[in-house]
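A quick write-up on the structure given underneath.
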């Protein structure tokens, strides 16, 4: 008996909607999207970061329903969430740990891009949008850290906003404008709460733009070579959706461990003390994901110099597609760059450690050397390596 292979007629309602709003065609494009066939699990990190963003938005919206953005009630409202709101402790810990997990995924995502040359032509704008997302994440996380209104929240806000006073002529006016007064107080807290609620949705818009740029030229791959024929690609679904779910499983196991066993491991105990403008903590430190930049900030005696270097350490990433002069993308075929990459990763970890230490003695001295190497890697090493390195022969196909 012959099987009827006549194609099914599309649902009339779906067809009517899709003709006017092509969401079903868009979903079909995603499932049939051709990707390089040799992507490793490191390419899961983008999807993991997307899941982390969704978790942050959902938990953040629910927490905002119970939070009171007032200096007299903010700390108490957070404690009320922990004690009186059904599963409030779970929501808060998921949101707090989720921020760290989000940054961990994004840092690994950036590191993968650095290793495999994902910033090189024709993906420069894809890289730039990614760095803008990273900057927006940093602003969102900083404002969120202020909201519990503990000691570290208050003094962290005071220290970081005071950095703008280093700007000649207009710095003091900018700080007063940011504070909404002459010190960190209720107007500051309200502004930070409002912006902390808004910025994640801006991140979502930027992520959509990031995906549009990604689909224009497709994903990079471990070999760093362009796709030359259809046999070099496979559909995203089901091959990479299944792979993504494996990554999600590992991610959620680590996530759950921190939520249920070490929820405060990545935080600071001083933030469980209500904010007191009259008592300065012995050691003011930001969250762990800001520590490398904090170490660079403190490495320079001049406030203006420290601020310029701190922001410069991020903005230098925008110049990366042109600073790296090599025509080869992947570090797998660049023996000298591969060594430089791992030295740079070690330097970043060292800066992270130094940022969490007191600003005294050998810590400051080592921070200066580490900060110098950070900029040396981008501004000196990369252009010279690209010019003089002899890369290994590239394969003809994936």
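Yeah, the Cβs are placed from backbone N, Cα and C, and that goes for glycine too.
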Transmembrane segment range according to Swiss-Prot, out of 24-44, 45-65, 66-86 = 45-65
Looking at 3-23, 192-212, which one does Swiss-Prot call transmembrane segment?
-> 192-212
In Swiss-Prot, which of 283-303, 304-324 is tagged transmembrane segment?
-> 304-324
Check each of the ranges 96-116, 222-242 against Swiss-Prot and return the one annotated as transmembrane segment.
-> 96-116
Taking the Cα atoms as reference points, how far is residue 196 (heme b b562 binding site) from residue 210 (heme b b566 binding site) in Å?
-> 21
Within 10 Å of the Cβ of residue 196 (heme b b562 binding site), how many other Cβ atoms can you find? Include all protein chains, please.
-> 21
Cβ under 8 Å to the transmembrane segment (339-359), counting only same-chain residues 6 or more beyond its ends: which ones?
-> 111, 114-115, 283, 285-286, 288, 290-296, 298, 331, 366-367, 370-371, 373-374, 377, 381-382, 385
Do you know offhand how many angstrom separate residue 95 (heme b b562 binding site) and residue 109 (heme b b566 binding site) by C-alpha?
-> 21
Cβ contacts under 8 Å made by the transmembrane segment (96-116) with residues that lie 6+ beyond its boundaries = 42-43, 45-46, 48-49, 52-53, 55-56, 59, 127, 130, 133-134, 137, 141, 144, 220-222, 224, 251, 254-255, 258-259, 263, 266-267, 287-289, 320, 329-332, 338, 341, 344-345
